[in-house]
Amino acid sequence: MTSLAASAAAAAAAEVTHLTQRDAAEIDEQLMGPLGFSVDQLMELAGLSVAAAVAEVYKLSEHTRVLIICGPGNNGGDGLVAARHLYHIGYRPSVCYPKRTPKPLYSGLVTQLESLSIPFIHAEDLPYDLSREFDIIIDAMFGFSFHGTPRPPFDDLIQRLVSLSVIGNSDKRPAIISVDIPSGWHVEEGDVNGGGIKPDMLVSLTAPKLCAKKFTGPHHFLGGRFVPPPILNKYGLKLPPYPGTSMCVRIGKAPSVDISSLRENYISPELLESQVMPDPFDQFLRWFDEAVTAALREPNAMALTTVNKEGKPSSRMVLLKGVDKQGFVWYTNYGSHKAHDLSENPNAALLFYWNEMNRQIIVTLNYDWVSTTLMHPVIFIHEGTCSLIPKPEYWGGYRLTPRFFEFWQGQQSRLHDR
(Lines of atoms letter the chains of each structure in order from A and count residues from 1; the text may use other names and numbers.)
(Lines give C-alpha, C1' and ligand atoms only; values in the text may rest on other atoms or scores of the structure.)
Protein backbone atom coordinates (compact mmCIF):
# COMPACT_ATOMS: atom_id res chain seq x y z
CA MET A 1 0.00 0.00 0.00
CA THR A 2 1.32 3.42 -0.89
CA SER A 3 2.22 5.39 2.23
CA LEU A 4 0.60 8.75 2.98
CA ALA A 5 4.00 10.44 2.68
CA ALA A 6 4.62 8.87 -0.73
CA SER A 7 1.16 9.92 -1.91
CA ALA A 8 1.74 13.48 -0.76
CA ALA A 9 5.12 13.56 -2.50
CA ALA A 10 3.60 12.24 -5.73
CA ALA A 11 0.87 14.88 -5.56
CA ALA A 12 3.47 17.61 -5.02
CA ALA A 13 5.49 16.37 -7.99
CA ALA A 14 2.39 16.36 -10.18
CA GLU A 15 1.90 20.08 -9.53
CA VAL A 16 5.22 20.89 -11.24
CA THR A 17 4.85 21.46 -14.99
CA HIS A 18 6.56 18.91 -17.25
CA LEU A 19 7.48 20.08 -20.75
CA THR A 20 7.05 18.40 -24.09
CA GLN A 21 10.04 18.42 -26.41
CA ARG A 22 8.38 21.07 -28.56
CA ASP A 23 7.64 23.40 -25.64
CA ALA A 24 11.17 22.98 -24.29
CA ALA A 25 12.61 23.96 -27.67
CA GLU A 26 10.26 26.93 -27.99
CA ILE A 27 11.15 28.19 -24.51
CA ASP A 28 14.84 28.06 -25.37
CA GLU A 29 14.14 30.05 -28.54
CA GLN A 30 12.18 32.62 -26.55
CA LEU A 31 14.92 32.93 -23.94
CA MET A 32 17.65 33.36 -26.54
CA GLY A 33 15.52 35.59 -28.76
CA PRO A 34 13.20 38.34 -27.52
CA LEU A 35 14.10 37.79 -23.86
CA GLY A 36 17.79 38.58 -24.42
CA PHE A 37 19.60 35.57 -22.99
CA SER A 38 22.71 34.22 -24.70
CA VAL A 39 23.67 30.56 -24.98
CA ASP A 40 26.67 31.00 -22.71
CA GLN A 41 24.54 32.68 -20.02
CA LEU A 42 22.05 29.81 -19.96
CA MET A 43 24.88 27.28 -20.02
CA GLU A 44 26.58 28.98 -17.09
CA LEU A 45 23.38 28.99 -15.04
CA ALA A 46 22.68 25.35 -15.92
CA GLY A 47 26.17 24.14 -15.03
CA LEU A 48 26.12 26.04 -11.76
CA SER A 49 22.75 24.46 -10.93
CA VAL A 50 24.12 20.98 -11.56
CA ALA A 51 27.15 21.62 -9.34
CA ALA A 52 24.92 23.02 -6.58
CA ALA A 53 22.65 19.96 -6.66
CA VAL A 54 25.63 17.59 -6.52
CA ALA A 55 27.14 19.48 -3.58
CA GLU A 56 23.83 19.41 -1.69
CA VAL A 57 23.57 15.61 -1.74
CA TYR A 58 27.09 14.21 -2.16
CA LYS A 59 29.42 15.38 0.57
CA LEU A 60 33.04 16.13 -0.24
CA SER A 61 34.26 13.90 2.57
CA GLU A 62 32.89 10.79 0.81
CA HIS A 63 32.43 11.74 -2.87
CA THR A 64 35.46 13.64 -4.11
CA ARG A 65 36.37 12.10 -7.50
CA VAL A 66 33.96 13.14 -10.26
CA LEU A 67 33.88 12.07 -13.90
CA ILE A 68 31.85 14.32 -16.23
CA ILE A 69 31.03 12.74 -19.60
CA CYS A 70 30.20 15.51 -22.07
CA GLY A 71 28.44 15.28 -25.40
CA PRO A 72 29.01 17.59 -28.38
CA GLY A 73 25.99 19.85 -27.82
CA ASN A 74 24.60 22.21 -25.20
CA ASN A 75 24.16 19.40 -22.69
CA GLY A 76 27.88 18.74 -22.91
CA GLY A 77 28.53 22.46 -22.43
CA ASP A 78 26.47 22.34 -19.24
CA GLY A 79 28.75 19.52 -18.08
CA LEU A 80 31.91 21.51 -18.84
CA VAL A 81 30.60 24.45 -16.80
CA ALA A 82 29.61 22.09 -13.97
CA ALA A 83 33.17 20.72 -13.94
CA ARG A 84 34.58 24.19 -13.34
CA HIS A 85 32.18 24.93 -10.50
CA LEU A 86 32.75 21.53 -8.88
CA TYR A 87 36.50 22.20 -8.96
CA HIS A 88 36.07 25.50 -7.14
CA ILE A 89 33.75 23.89 -4.59
CA GLY A 90 36.52 21.40 -3.78
CA TYR A 91 35.75 18.28 -5.81
CA ARG A 92 38.33 16.61 -8.08
CA PRO A 93 36.69 16.51 -11.52
CA SER A 94 37.90 14.73 -14.63
CA VAL A 95 36.28 15.21 -18.04
CA CYS A 96 35.62 12.81 -20.89
CA TYR A 97 34.79 14.93 -23.96
CA PRO A 98 35.03 12.63 -27.00
CA LYS A 99 33.54 14.84 -29.74
CA ARG A 100 34.85 18.33 -29.19
CA THR A 101 33.01 21.17 -30.91
CA PRO A 102 35.20 23.84 -32.56
CA LYS A 103 32.81 26.67 -31.69
CA PRO A 104 34.52 29.43 -29.65
CA LEU A 105 32.12 29.00 -26.70
CA TYR A 106 33.10 25.37 -26.20
CA SER A 107 36.79 25.98 -26.90
CA GLY A 108 36.72 28.65 -24.22
CA LEU A 109 35.18 26.27 -21.70
CA VAL A 110 37.88 23.71 -22.45
CA THR A 111 40.59 26.35 -22.00
CA GLN A 112 39.09 27.32 -18.64
CA LEU A 113 39.25 23.73 -17.42
CA GLU A 114 42.77 23.24 -18.73
CA SER A 115 43.89 26.36 -16.86
CA LEU A 116 42.68 24.62 -13.68
CA SER A 117 44.65 21.47 -14.60
CA ILE A 118 41.42 19.47 -14.76
CA PRO A 119 42.34 16.26 -16.62
CA PHE A 120 40.65 15.30 -19.89
CA ILE A 121 40.43 11.54 -20.41
CA HIS A 122 39.90 9.93 -23.81
CA ALA A 123 36.97 7.51 -23.90
CA GLU A 124 39.28 4.61 -24.76
CA ASP A 125 41.51 5.46 -21.80
CA LEU A 126 38.78 5.33 -19.17
CA PRO A 127 39.44 2.59 -16.60
CA TYR A 128 37.55 -0.62 -17.13
CA ASP A 129 36.08 -0.47 -13.62
CA LEU A 130 34.81 3.08 -13.16
CA SER A 131 33.88 2.22 -9.57
CA ARG A 132 37.53 2.11 -8.57
CA GLU A 133 38.39 5.55 -9.93
CA PHE A 134 35.29 7.70 -9.41
CA ASP A 135 32.74 8.44 -6.69
CA ILE A 136 30.35 10.37 -8.97
CA ILE A 137 29.68 10.17 -12.70
CA ILE A 138 27.80 13.00 -14.39
CA ASP A 139 25.96 12.11 -17.59
CA ALA A 140 26.00 15.29 -19.73
CA MET A 141 25.96 13.55 -23.09
CA PHE A 142 22.58 14.25 -24.71
CA GLY A 143 19.81 16.72 -23.90
CA PHE A 144 16.17 17.06 -24.91
CA SER A 145 16.97 18.07 -28.52
CA PHE A 146 18.85 14.85 -29.36
CA HIS A 147 17.33 12.61 -32.05
CA GLY A 148 18.25 9.19 -33.33
CA THR A 149 20.51 6.49 -31.93
CA PRO A 150 23.74 7.34 -30.05
CA ARG A 151 26.86 6.70 -32.12
CA PRO A 152 30.30 5.57 -30.94
CA PRO A 153 31.78 6.19 -28.49
CA PHE A 154 28.62 7.42 -26.74
CA ASP A 155 26.73 4.16 -27.28
CA ASP A 156 29.43 2.32 -25.34
CA LEU A 157 29.62 5.02 -22.65
CA ILE A 158 25.87 4.84 -22.12
CA GLN A 159 26.04 1.05 -21.81
CA ARG A 160 28.80 1.38 -19.23
CA LEU A 161 26.55 3.63 -17.16
CA VAL A 162 23.67 1.18 -17.65
CA SER A 163 25.89 -1.60 -16.31
CA LEU A 164 26.84 0.50 -13.31
CA SER A 165 23.26 1.47 -12.54
CA VAL A 166 22.10 -2.13 -12.22
CA ILE A 167 24.58 -2.92 -9.45
CA GLY A 168 22.40 -3.59 -6.43
CA ASN A 169 24.28 -1.82 -3.66
CA SER A 170 24.69 1.88 -4.48
CA ASP A 171 27.40 2.13 -1.79
CA LYS A 172 29.63 -0.05 -4.00
CA ARG A 173 29.37 2.02 -7.18
CA PRO A 174 29.61 5.64 -8.23
CA ALA A 175 26.52 7.80 -7.97
CA ILE A 176 25.14 8.60 -11.43
CA ILE A 177 23.77 12.10 -12.10
CA SER A 178 22.01 12.92 -15.37
CA VAL A 179 21.74 16.48 -16.67
CA ASP A 180 18.20 17.39 -17.81
CA ILE A 181 17.36 13.92 -19.18
CA PRO A 182 19.18 10.59 -18.86
CA SER A 183 21.13 10.06 -22.09
CA GLY A 184 19.45 7.50 -24.32
CA TRP A 185 15.95 8.17 -22.92
CA HIS A 186 13.11 9.46 -25.10
CA VAL A 187 12.52 13.05 -24.02
CA GLU A 188 8.80 12.43 -23.52
CA GLU A 189 8.35 8.67 -23.09
CA GLY A 190 11.39 8.01 -20.94
CA ASP A 191 13.29 4.71 -20.81
CA VAL A 192 11.13 3.05 -23.46
CA ASN A 193 12.78 -0.38 -23.46
CA GLY A 194 13.59 -0.46 -19.76
CA GLY A 195 17.28 -1.00 -20.41
CA GLY A 196 18.54 2.55 -20.12
CA ILE A 197 20.52 4.47 -17.51
CA LYS A 198 18.92 4.54 -14.07
CA PRO A 199 20.51 7.60 -12.48
CA ASP A 200 20.55 8.30 -8.78
CA MET A 201 19.99 11.99 -9.44
CA LEU A 202 18.27 13.89 -12.22
CA VAL A 203 18.87 17.64 -12.49
CA SER A 204 16.10 19.02 -14.69
CA LEU A 205 16.78 22.42 -16.24
CA THR A 206 14.29 25.27 -16.76
CA ALA A 207 11.42 22.84 -16.10
CA PRO A 208 11.35 19.03 -16.00
CA LYS A 209 10.69 17.28 -19.28
CA LEU A 210 7.90 14.72 -19.62
CA CYS A 211 10.34 11.82 -19.31
CA ALA A 212 11.14 12.98 -15.75
CA LYS A 213 7.81 11.50 -14.66
CA LYS A 214 9.42 8.09 -15.24
CA PHE A 215 12.46 8.90 -13.10
CA THR A 216 12.54 6.65 -10.02
CA GLY A 217 15.85 7.64 -8.40
CA PRO A 218 16.05 9.21 -4.95
CA HIS A 219 17.14 12.74 -5.94
CA HIS A 220 15.33 14.96 -8.43
CA PHE A 221 16.34 18.61 -8.56
CA LEU A 222 15.21 21.52 -10.70
CA GLY A 223 17.96 23.93 -11.70
CA GLY A 224 18.09 27.18 -13.57
CA ARG A 225 16.74 30.00 -11.50
CA PHE A 226 16.18 32.26 -14.48
CA VAL A 227 12.71 31.67 -15.95
CA PRO A 228 11.11 35.13 -16.41
CA PRO A 229 7.37 35.90 -16.01
CA PRO A 230 6.66 36.06 -19.78
CA ILE A 231 7.65 32.38 -20.08
CA LEU A 232 5.77 31.39 -16.93
CA ASN A 233 2.61 33.09 -18.16
CA LYS A 234 2.76 32.00 -21.81
CA TYR A 235 3.26 28.31 -21.02
CA GLY A 236 1.35 28.26 -17.73
CA LEU A 237 4.36 26.88 -15.91
CA LYS A 238 4.05 25.83 -12.30
CA LEU A 239 7.52 25.77 -10.79
CA PRO A 240 8.52 25.55 -7.12
CA PRO A 241 10.18 28.50 -5.35
CA TYR A 242 13.93 28.31 -4.91
CA PRO A 243 15.07 28.40 -1.28
CA GLY A 244 17.26 31.30 -0.17
CA THR A 245 20.08 31.91 -2.62
CA SER A 246 20.15 28.35 -3.97
CA MET A 247 20.38 27.68 -7.71
CA CYS A 248 18.51 24.38 -7.35
CA VAL A 249 15.42 23.07 -5.60
CA ARG A 250 14.44 19.50 -4.81
CA ILE A 251 11.28 18.28 -6.53
CA GLY A 252 9.51 14.95 -6.64
CA LYS A 253 9.44 12.40 -3.89
CA ALA A 254 11.61 12.69 -0.83
CA PRO A 255 14.41 10.11 -0.66
CA SER A 256 13.99 7.13 1.64
CA VAL A 257 16.58 7.21 4.38
CA ASP A 258 18.17 4.40 6.37
CA ILE A 259 18.73 6.26 9.61
CA SER A 260 21.28 3.72 10.82
CA SER A 261 23.50 4.48 7.80
CA LEU A 262 23.55 8.24 8.26
CA ARG A 263 27.06 9.22 9.24
CA GLU A 264 29.83 11.65 8.38
CA ASN A 265 33.46 10.73 7.85
CA TYR A 266 35.04 13.54 9.84
CA ILE A 267 38.33 14.99 8.62
CA SER A 268 39.87 17.01 11.44
CA PRO A 269 43.17 17.81 13.12
CA GLU A 270 44.11 15.53 15.99
CA LEU A 271 43.39 16.50 19.59
CA LEU A 272 46.30 15.13 21.64
CA GLU A 273 46.75 15.42 25.39
CA SER A 274 50.19 16.89 24.80
CA GLN A 275 48.57 19.72 22.82
CA VAL A 276 45.71 20.53 25.19
CA MET A 277 46.20 23.57 27.40
CA PRO A 278 46.62 22.75 31.12
CA ASP A 279 43.71 24.97 32.15
CA PRO A 280 40.41 23.80 30.62
CA PHE A 281 39.10 27.38 30.64
CA ASP A 282 42.00 28.41 28.43
CA GLN A 283 41.30 25.46 26.11
CA PHE A 284 37.61 26.41 25.96
CA LEU A 285 38.43 30.03 25.10
CA ARG A 286 40.85 28.90 22.38
CA TRP A 287 38.19 26.73 20.72
CA PHE A 288 35.52 29.39 21.19
CA ASP A 289 37.74 32.02 19.56
CA GLU A 290 38.40 29.64 16.65
CA ALA A 291 34.63 29.10 16.23
CA VAL A 292 34.08 32.87 16.16
CA THR A 293 36.95 33.35 13.68
CA ALA A 294 35.43 30.66 11.44
CA ALA A 295 32.25 32.80 11.29
CA LEU A 296 30.04 29.96 12.53
CA ARG A 297 26.40 30.86 13.03
CA GLU A 298 25.77 31.62 16.72
CA PRO A 299 28.94 30.04 18.12
CA ASN A 300 27.66 30.98 21.60
CA ALA A 301 24.58 28.74 21.25
CA MET A 302 24.64 25.99 23.86
CA ALA A 303 22.33 23.18 24.95
CA LEU A 304 21.47 23.61 28.63
CA THR A 305 20.32 20.50 30.50
CA THR A 306 18.68 20.89 33.90
CA VAL A 307 17.22 18.31 36.28
CA ASN A 308 14.23 18.82 38.60
CA LYS A 309 13.86 17.48 42.13
CA GLU A 310 12.36 14.25 40.78
CA GLY A 311 15.45 13.61 38.67
CA LYS A 312 13.74 14.29 35.33
CA PRO A 313 16.08 16.04 32.86
CA SER A 314 15.14 18.57 30.20
CA SER A 315 17.23 20.34 27.57
CA ARG A 316 16.91 23.48 25.48
CA MET A 317 19.12 25.89 23.52
CA VAL A 318 20.23 29.13 25.17
CA LEU A 319 22.91 31.71 24.37
CA LEU A 320 26.11 32.16 26.32
CA LYS A 321 26.40 35.82 27.37
CA GLY A 322 29.63 35.78 29.32
CA VAL A 323 32.48 33.50 30.33
CA ASP A 324 35.48 33.81 32.59
CA LYS A 325 37.22 31.58 35.12
CA GLN A 326 34.33 32.06 37.52
CA GLY A 327 31.90 30.39 35.15
CA PHE A 328 29.46 30.61 32.24
CA VAL A 329 26.77 33.29 32.30
CA TRP A 330 23.37 33.26 30.57
CA TYR A 331 20.04 35.02 31.13
CA THR A 332 16.45 33.93 31.48
CA ASN A 333 13.08 34.58 33.07
CA TYR A 334 13.35 33.54 36.74
CA GLY A 335 9.88 32.03 36.41
CA SER A 336 10.87 29.75 33.53
CA HIS A 337 10.91 25.97 33.59
CA LYS A 338 14.71 25.86 33.58
CA ALA A 339 14.87 28.36 36.44
CA HIS A 340 12.51 26.18 38.52
CA ASP A 341 14.71 23.16 37.81
CA LEU A 342 17.82 25.01 39.00
CA SER A 343 16.07 26.15 42.16
CA GLU A 344 15.27 22.52 42.95
CA ASN A 345 18.52 20.96 41.76
CA PRO A 346 21.71 23.00 41.16
CA ASN A 347 23.27 20.35 38.91
CA ALA A 348 23.29 21.18 35.21
CA ALA A 349 25.26 20.59 32.01
CA LEU A 350 26.14 22.60 28.91
CA LEU A 351 26.88 21.26 25.44
CA PHE A 352 28.56 23.39 22.78
CA TYR A 353 28.35 21.78 19.33
CA TRP A 354 30.25 23.27 16.40
CA ASN A 355 29.27 21.02 13.50
CA GLU A 356 31.42 22.69 10.85
CA MET A 357 34.55 22.11 12.96
CA ASN A 358 33.56 18.58 14.09
CA ARG A 359 33.85 19.71 17.70
CA GLN A 360 31.82 19.60 20.87
CA ILE A 361 32.46 20.55 24.48
CA ILE A 362 30.52 19.17 27.45
CA VAL A 363 30.62 21.08 30.73
CA THR A 364 28.99 19.80 33.93
CA LEU A 365 28.44 22.43 36.60
CA ASN A 366 26.60 23.98 39.54
CA TYR A 367 24.81 27.30 39.32
CA ASP A 368 25.02 30.61 41.14
CA TRP A 369 22.48 33.39 40.68
CA VAL A 370 23.95 36.50 39.06
CA SER A 371 22.63 39.42 41.07
CA THR A 372 24.05 42.09 38.75
CA THR A 373 23.09 41.59 35.16
CA LEU A 374 24.06 43.28 31.95
CA MET A 375 20.42 44.20 31.37
CA HIS A 376 20.24 48.00 31.61
CA PRO A 377 17.05 50.08 31.20
CA VAL A 378 15.92 50.24 27.58
CA ILE A 379 15.38 53.57 25.85
CA PHE A 380 12.04 53.48 24.04
CA ILE A 381 11.41 56.07 21.34
CA HIS A 382 7.90 56.68 20.04
CA GLU A 383 6.68 59.60 17.96
CA GLY A 384 9.58 61.82 19.00
CA THR A 385 9.34 61.14 22.73
CA CYS A 386 11.80 59.06 24.78
CA SER A 387 11.13 56.98 27.85
CA LEU A 388 13.09 54.46 29.90
CA ILE A 389 11.75 50.95 30.34
CA PRO A 390 13.27 49.39 33.48
CA LYS A 391 14.53 45.84 33.51
CA PRO A 392 11.79 43.49 34.76
CA GLU A 393 12.42 42.07 38.24
CA TYR A 394 11.82 38.55 36.95
CA TRP A 395 14.64 38.79 34.39
CA GLY A 396 18.22 38.04 35.32
CA GLY A 397 21.23 35.85 34.95
CA TYR A 398 22.82 32.65 36.16
CA ARG A 399 26.48 31.87 36.53
CA LEU A 400 27.25 28.19 36.05
CA THR A 401 30.44 27.08 37.80
CA PRO A 402 32.15 24.18 35.96
CA ARG A 403 33.17 20.97 37.68
CA PHE A 404 34.15 18.97 34.58
CA PHE A 405 35.11 19.66 30.94
CA GLU A 406 35.13 17.20 28.06
CA PHE A 407 36.59 18.24 24.68
CA TRP A 408 35.57 16.12 21.67
CA GLN A 409 37.13 16.25 18.19
CA GLY A 410 35.65 14.05 15.44
CA GLN A 411 37.98 11.93 13.32
CA GLN A 412 37.71 9.60 10.33
CA SER A 413 35.50 6.49 10.42
CA ARG A 414 33.43 7.99 13.25
CA LEU A 415 36.37 7.76 15.61
CA HIS A 416 37.19 10.75 17.77
CA ASP A 417 39.73 12.27 20.15
CA ARG A 418 38.28 13.01 23.57
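In case you wondered, yes, glycine gets a Cβ from its N, Cα and C as well.
Here is what TrEMBL says about this protein:
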BINDING   Asn74, Asn75, Gly76, Gly77, Asp78, Gly143, Phe144, Ser145, Phe146, His147, Gly148, Thr149, Asp180  (6S)-NADPHX binding site
BINDING   Asn75, Asp139, Ser183  K(+) binding site
DOMAIN    24-239  domain 'YjeF N-terminal'
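The two recorded residues Asn75 (K(+) binding site) and Asp180 ((6S)-NADPHX binding site) have their Cα atoms spaced 8 Å from each other. It is Phe146, among the binding-site residues Phe144, Phe146, whose Cβ has the fewest other Cβ atoms within 10 Å in the structure shown. Of all the binding-site residues given, namely Asp78, Phe144, Phe146, Gly148, those whose Cα is no farther than the 10 Å limit from the Cα of Ser183 (K(+) binding site) are Phe144, Phe146.
Distance between Cα atoms for Gly76 ((6S)-NADPHX binding site) and Asp139 (K(+) binding site): 9 Å, as a whole number.
Sequence-distant neighbours of Asn74 ((6S)-NADPHX binding site) (same chain, 6+ apart, CB under 8 A from its CB) are Val39, Met43, Gly143, Ser145. Counting other Cβ atoms within 10 Å of each Cβ, the binding-site residues Asp78, Asp139 show the lowest value at Asp139. One way to see the shell of the K(+) site is to take the Cβ centroid of Asn75, Asp139, Ser183; the remaining same-chain residues with a Cβ within 8 Å of it are Ile69, Gly71, Gly76, Gly79, Ala140, Met141, Phe142, Gly143, Ser178, Val179, Asp180, Ile181, Pro182.
Model confidence over the domain 'YjeF N-terminal' (24-239) stands at 93, taken as the mean pLDDT rounded to a whole number. Here the binding-site residues are Gly76, Gly148, and the one ringed by the most other CB atoms within 10 angstroms is Gly76. For Asp180 ((6S)-NADPHX binding site), applying a Cβ distance below 8 Å and a minimum sequence separation of six or more within one chain yields Ala46, Asn75, Asp78, Gly143, Phe144, Val203, Ser204, Leu205, Lys209.
Other Cβ atoms within 10 Å of the Cβ of Ser183 (K(+) binding site), summed over all protein chains shown, number 24.
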